[in-house]
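Below: one structure, written as C-alpha cells.
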Amino acid sequence: MFAILIFVLLSITAQLKADHGFDVRHYLSTVTTYDVVKDIVKASANSTPDGCTPIHLNLVARHGTRSPTNKRMRELDKLASHLEELIKDAEEQNLSLEKVPSWLRGWKSPWRGKLKGGELIRKGEEELYNLGIRIRERFPELFEEEYHPDVYPIKASQVPRASASAVAFGMGLLNEKGSLGPARQRAFAVTSESRASDIILRFHDCCGNYKVFRKRQEPAVDKLKEPVLDEITSALVSRYGLNFTRQDVAMLWFLCKQEASVLDITDQACGLFSPFEVALLEWTDDLEMFILKGYGNSINYRMGVPLLEDVVQSMEEAIKAKEEKHAPGSYEKARLRFAHAETVVPFSCLLGLFLDGSEFQKIQREEPLELPSKPPRSRNWRGSTVAPFAGNNMLVLHSCPANSESKYFVQVLHNEHPILMAGCGSDFCPFEEFKEKIVAPHLKHDYNSMCTVHLEAPEQKPVATKASSPF
C-alpha cells in the first residue's frame, strides 16, 4: 500500500512538472494574479442568443494585486531572524550546509523597513485599468452614453486598495472620453460607505454573528491543515538539513505566494517545495476559504444578501426604464463595485457558482457539503479561480424581445467568462427564473436578525468535519 502511495505521489509530481513546466503562479489560491488565471476557464456550453441586447451590467470585483499588510511584513521580518538562527545553529553543530539554498543565507524580507503595507501595487492598477478597457469594448451599447455618476455609479469599500482599484478601472473605462492631459482622461466619482455600516460591500465587518462564528471556527481549520504542514515540514527538514518548524513552513509558503505574485520571483521560497507540496499547500488555503468565507457555513454567504438585493433592484429599475422608454442618459446602465475576497466569495456562493445541481439543492436545503477534495483529486473550488486578485462577477441583463419564454435574461460572467448557475442549469437565465430559483430562497434571511449578536448567540456549526479522502 505504501509503495502504491509513493507511486501515485511521484506520478502526480511528474505530471505537474510536465504540465507546461509547472508554473507555481497558477497555484497561489487567492494570492494569484488576474492575468495568470483570467483565461483559464471551464467553458460554458451556452452563449448569448441572437436578438438579445445588453441593457444593464452589475460588476462586483475584488481589488487588484497588493503588497503584504503591515502585520504580514512584521511576520516576514521575524521569519528572517528565525532563518538566521537556524543556519547559525547548524553551523555551531558543524552540520553541512551544502543542501541549503544560497538565497536563504542572509535573507532579508524585501519589505524590510517599509512602514505601511496592503496598498494596491502597479500590477494591481494595470489589472483593473485593463479590465475597464475590456468591458467597455465588450459592451459598447452600455457605455456609449456621456459619463454621469447616476448613469455609471462606481462604488468601493472604504479601504484604500479597493478605492484605488475603482479609480484604475474608471481610468480604463473612460480612457479618451475626456479632455485632461495627453490621454484625454476625465474626472469621475467613486463613492464609499463607512466601514462601520457598509453592509453592501463589507458585510463581514458589520455582521457580529459571523465574527463569533469565525473566531470559534479558526482553531478547527488550523487543525485540519496541521497534517499537511507537518508532512511538508518533515520533508523540508530532511531535504535541506535545517530544523524547520510548522510555523516556518507556513511562513515560507506565505513568502512564496508574495514573491511569485508581487515580485515575479518563483525560484526562491517557492523553489523549496515540490510541485505536489505546492498543490497541497494551495489546498489548505482553499480549504480555509471554503470553511470561513464560502460554502462551509450558510452565514458566510447569506450575510451578503444586501448586496444581492442591491443587484436585483438595479436590474428591476433597468427593466422599468426599458419598458417605460426613458430617455437615454436619464437612467442607470451599469453599477460598478470594488471590494474584497470577503465580498466576491460570498457573492459567488449566493449565485450558486462552482456547484453541480445536487450540491445546489443541498445548499437550498441548508444541508452540508463535502469539503474540497484533497490533491491529487480534482476540485472546482480553487481560490485562484474563485477570487484571484481583481477576480470579478458580472451580471449582464439582456433584453430579448423576440424570445417567447422571457423578454429579459441574466447572464453571469465570472472573470469575464460565462459560468453555469446551478440553479438555472445555464449561464443565461430568464430574469424571473433567476429571481425565483436563485435569489428568493436567500431573501427569507434578514441581515439584521441573522447578524445581531444576542447575549447567548447559538454556536454556528461547520458543514463538514473532515476532508474527503485523497485516494
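FYI, residue positions are counted from 1 along the chain as it appears here.
For all residues, glycine too, the Cβ spot is worked out from N, Cα and C.
Just so you know, TrEMBL annotations are computer predictions that nobody has curated.
Here TrEMBL annotates a disulfide bond for CYS52; of CYS256, CYS270, CYS349, CYS400, the partner residue is CYS400. Annotated by TrEMBL as coiled coil, the relevant range among 73-100, 157-184, 213-240 is 73-100. Non-local neighbourhood of CYS424 (disulfide bond): PRO430, GLU433, PHE434, LYS437, ILE438, each in the same chain, at least six residues away, with C-beta under 8 Å from its C-beta.
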